[in-house]
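Take a look at the structure below.
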Amino acid sequence: MVSVGVSVTAAMVACLFLEVGLNTLIKAANTNGMSNYVFIVYSNLLALCFLLPSTFFYYRKRVPPKIPSSILFRMFLLSCLSTAVQTLKYNGIEYSSPTLSSAMDDLIPAFTFILAVLSRMENLNLKLHSSQAKIIGTVVSIAGALIVTLYKGIALTSNSLRNIVLGESGTYLSVQPAWVFGGFLLATASFCLSNLLVVQTWLIKDYPEELLVTTICCSLVVTLSAIVALVAEGNPRAWILRFDKELIAVCYSAIFMISIRSVAVAWACRKKGPIYVAMFNPLGMVIAIGMGVIFLGDSLYLGSMIGAAIIAMGFYAVMWAQAQEENMVHTNQNRDFASSSSAPLLVTRTMDV
C-alpha cells in the first residue's frame, strides 16, 4: 500500500506540472488580448459548475458536519487570499513571463516557514538536526532559484534561445520597467499564497472536508473576482470569450487547477502541513526549464543545471527533516503505548474496585 508521504509527494509534483502548463497558456492567451480579470471570473465559474455536482454526489449518503461561524470566517479569508493570488499572479505573468513566475514561487517556502513559525503551526527547535535541516534546506532552495534566474552561463545545448527575458550579455536578467513591475506583482502573489497555505491548514485541521471547503470558497471567489473585474475592466468587449486559446486556458484552469489542484493542496496541508506543501515550489523552476527545453526548443544553460542541482539539494534536505520528525513522533507514540501497556495490573484492579 502506498504511504501518505509518497501520495502527497506525487500529488504535489503533478500539481507543479499542471501549474507550469497553465502559466504558459496564460501568457499565450494574454498576447491575444485576454483580460486576466475576466479570465479569473470565467475559470472559477466553470470550476464551480464542476465542483457543485461533485460535492452533491460525494455527500449523497452522509450529511457534512455543521459549519460554525468561525469556519465560515476562515473560508471567507481563504477566498479573499485566493482572489488576490490569482489577480496578482496572472497580471504579473502578463508583464513578465512564466519563467519569472516559477522563479518567484521559490519565495513561497521562506514566507510559509516564517508565517508557520509565527502562527505556531511549526515548532522550531534549533537544537534538533531536523529544524536545522529545514532552515538550511529552505535557504539553499532559494539560493538555487536565484542562480537559475540571474545566472545564465554557457550553453549546453545548441537550440536557440529567444533573448526576451535576458539582458544583452545574456548573463543577468533585464531590468525593464514592465519586467520589474511584473516581478513585484509575482513576489506579492507569493506572499499571499504563503498566507493562503497557512490559513488553509488552519481551516482544514478543524474542518477536514476538503471538497466542501473548495466548493464554498470557489463560489466566494466567483463573487469577489466579479466585483474586481467590474471595477478594473472597463472594456465591455473583454467579457466576450473567444473560442481559441482563451477557452482552452479557462477550461484547463477550471478543471485541473481550481477544482482538482485546490482539493489536492487542501488534503496535503491537512496531512503534512503548509511548509511541506510549500517546499515543492522550487521544483517548479526546474520543471519550467525542462518543459521549455523539451517542448519549446529552449537552450539548456550551465546556470540552469547548477541552480537545479542546488534546488534539489535544498529540497531533499527538507524532505529528510520531515522524515526525521515523523520518525520521532512515531517513536514517542510507541514509547507511550509501551509504557501504558506495562502498567501494573494490581493498580488497575484496585482502581476498578
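Yeah, the Cβs are placed from backbone N, Cα and C, and that goes for glycine too.
What TrEMBL says about a protein is an automatic prediction, not a curated fact.
Features reported for this protein in TrEMBL:
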type	residues	note
DOMAIN	20-149	domain 'EamA'
TRANSMEM	38-59	transmembrane segment
TRANSMEM	139-158	transmembrane segment
TRANSMEM	178-199	transmembrane segment
TRANSMEM	211-232	transmembrane segment
TRANSMEM	247-268	transmembrane segment
TRANSMEM	275-295	transmembrane segment
TRANSMEM	301-321	transmembrane segment
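Between the transmembrane segment (38-59) and the transmembrane segment (247-268), the number of CB pairs under 8 angstroms, six or more residues apart, is three or more, so the stretches are in contact. Using a Cβ-Cβ cut-off under 8 Å and counting only residues 6 or more beyond its ends in the same chain, the transmembrane segment (211-232) has close neighbours at 35, 37-38, 40-41, 44-45, 47-48, 51-52, 54-55, 58-59, 64, 75-76, 78-80, 82-83, 86-87, 203-204, 258-259, 262-263, 266.
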